[in-house]
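Asker: This is the structure I want to talk about, given as structure tokens.
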Amino acid sequence: MATAGNSRRAVGVGLLCCCLWTVTLAAVTTPNPTIIVKEGESAELQCSYSSDFTSPRVEWKFVNKDQETSFVFYDGSLTASYKDRAIPYPQGITLKQITRKDAGEYSCEVTSTGSKTLYGEAKIQLQVIVAPSKPVAQVPRSVSTGSVAELLCVENDGYPPPTFIWYRNKSPMQIAPQNSTYTIDPKTGVLKFAAVSTSDSGEYYCEATNNQGKQASDLVRMDVQAVGDPLLLALAEDVNVGGIVAAVVIVLLILALIGFGMWFAYSRGYLDRKENKKVIYSLPSETRSDKNFQQTSSFLV
């Protein structure tokens, strides 16, 4: 059984090698491997191949930004989604009314069969110049003081790739501020706080700009909640100084009122007062005793 299995595997490998050897790579080229057009214009996708191909079979494939593959031209005709906006010819295709969704990679694949199988392909990158679409500001709605916060500005349609700027409370934020707790990457649109404070609370939005135009996102509010030890917060800028001063003043007023009330009650006699009582010490009077007894009269028996 082992010998039979090995034999079958050897035959399979032999057939595979045979197939590989019978496919020959041939020259397929394009004069413009990168094409840049504005949205709404037309694009010429050209593909040429050598005379080695006899009865060539030409196919066009498209891979979009999401790496999804679809056919543009297959089995001698345009596919359904391209029939109304493309014109095929022997060595190329004209795409009309280009949109941003047409940006991606186009492959011209040529094959022919005969005494030997020939195969070749040429790839074309189509870049569509378009103004940015409306970006999306991804902002955390609530964060705690001292934590890291990352805000994203997302825009995927604009070409050339746009640059980004952030606004807080309708005022532009500096890209590279000095002595600040945040940084902004204008190429990626990332706004990052190393340690947020309550002063970072506010309404945020971002703006994407290229040479075709600019677009702004919606406003999104971020609230920073103060947490932690009160003493540490008092030392930080998160402390509400006005509130602390008001509390101290109220306590002093309460103490003053208590003192005035006690003074008033005491002055009106509502509180018991201890009177100073004089203590008089006197010597006891002499009493009659046998010592100083005097006979005043005599008695006769």
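Glycine is treated like the rest: Cβ placed from N, Cα and C.
Per TrEMBL, the features are:
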- 1-26: signal peptide (SIGNAL)
- 26-125: domain 'Ig-like' (DOMAIN)
- 132-217: domain 'Ig-like' (DOMAIN)
- 241-266: transmembrane segment (TRANSMEM)
Asker: Summarise the model confidence on the domain 'Ig-like' (26-125) as a single mean pLDDT, whole number.
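Answerer: Value for the domain 'Ig-like' (26-125), mean pLDDT as a whole number: 93.
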Asker: Mind checking how the domain 'Ig-like' (132-217) divides into helix, strand and coil residues in DSSP?
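Answerer: The counts are 3 helix, 42 strand, 41 coil.
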Asker: What does DSSP give as the helix, strand and coil breakdown of the domain 'Ig-like' (26-125)?
Answerer: 6 helix, 54 strand, 40 coil
